[in-house]
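A quick write-up on the structure given underneath.
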Amino acid sequence: MLAEFMLCGRSVSITISPTGAGESGKSTIAKQMKIIHEDGYSKEECLQYRPVVHSNTIQSLMAIIKGMGQLKIDFADPARKEDSRQLFTIAGASQDGELNPEMAAIMKRLWHDRGLQVCFSRSREYLLNDSAAYYLNALDRISQPNYIPSQQDVLRTRVKTTGIVETHFTFKGLHFKMFDVGGQRSERKKWIHCFEGVTAIIFCVALSGYDLVLAEDEEMNRMTESIRLFDSICNNKWFVETSIILFLNKKDLFEEKITKSPLTICFPEYTVLYIVLLVLRNGFEKSKLKEFLLTILMKNMFRPQKCVPKVLEANPDYPHLKLPDDQEMNSTIRHLLLWLNLPVQRSKKRVIYRIVKSH
């Protein structure tokens with residue numbers, strides 16, 4: 001479902017700033033802009049991400065093994081204990097974090113262990129990169145000596161954003177400037193430097209974060225943090241004339257976990273029984289579950305306060321198109337840029353929201 005919002009002002013240069021809590025997908029949007037509008041990442045740039053891919057993969061597997069200790073889960077094959085010891089030894093001694101075929105063989109044995117898979121299925125109980133399975137399932141490919149990360153590999157890399165990363169691109173004759181800033185609490189003091197004169201704020205919410213905690217605060221639920229942060233931005237007097245784009249992100253991860261991890265973890269007022277009945281009634285139509293969660297988010301986010309934006313029905317000129325999953329994020333971004341290129345209308349703040357995949 002898509003709702004359109006009006007641009008409060010028109011200028012030759014349009015400034016947009018992805019915002020949200022940590023690991024909500026802000027940097028992925030910036031990467032998508034580069035891929036769509038700057039001819040993507042060159043071979044040399046992709047090669048620069050090779051150590052990041054390797055590091056993300058190694059660190060993800062090590063995080064799962066540490067999780068096994070926390071959750072008191074044993075390897076199904078006792079021989080894997082020695083493999084895990086070797087992994088930590090090699091990773092600790094490595095200077096460049098290179099993932100060679102020998103190390104990949106050890107990691108494959110560990111990844112395929114049934115005990116480790118049990119721990120992976122409980123990843124909400126410890127911190128784990130969203131792309132862990134993607135990289136670990138590609139160990140043969142990414143450990144080759146001539147491996148060059150693909151655009152998709154680069155998109156899925158996880159590097160904590162510190163400072164301010166600026167991206168420029170042109171679309172339909174307009175110059176766009178995007179600021180990517182870190183979402184962790186320690187990074188938010190830098191946001192003010194990006195918000196001056198901003199045309200629109202893209203606020204990212206990871207749907208899959210409803211059962212996870214913050215990396216910087218293990219007592220705070222990620223969805224709760226997003227709701228509070230979004231509320232504070234929406235109702236801030238400095239953004240009364242600023243358009244806000246609400247991105248409900250990582251829907252694919254949400255769809256995977258909703259059958260195993262109840263929404264009551266974050267929203268206790270919505271009972272497990274109600275969700276089960278909803279699934280039975282609709283034959284597990286994932287779109288229904290997405291709409292259900294969207295209703296919850298809107299109820300919690302848009303409170304009757306003085307600066308609350310108005311959510312509107314979708315504009316018939318820009319209907320929501322059901323596209324293949326691998327095109328959905330690109331379609332969403334193109335749609336937003338097309339909207340920003342519309343003739344200026346009466347100055348009034350509105351909100352657009354869209355549910356998208358994690359990549």
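Just so it is clear, glycine is given a Cβ too, placed from its N, Cα and C backbone atoms.
A TrEMBL annotation is a machine prediction, not a hand-curated record.
Copied from TrEMBL, the annotated features are:
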- 23-28, 130-131, 155-161, 180-184, 249-252: GTP binding site (BINDING)
- Ser27, Thr161: Mg(2+) binding site (BINDING)
Collapsed DSSP category at Lys26 (GTP binding site): helix
Other C-beta atoms that fall within 10 angstroms of the C-beta of Ser27 (Mg(2+) binding site): 22
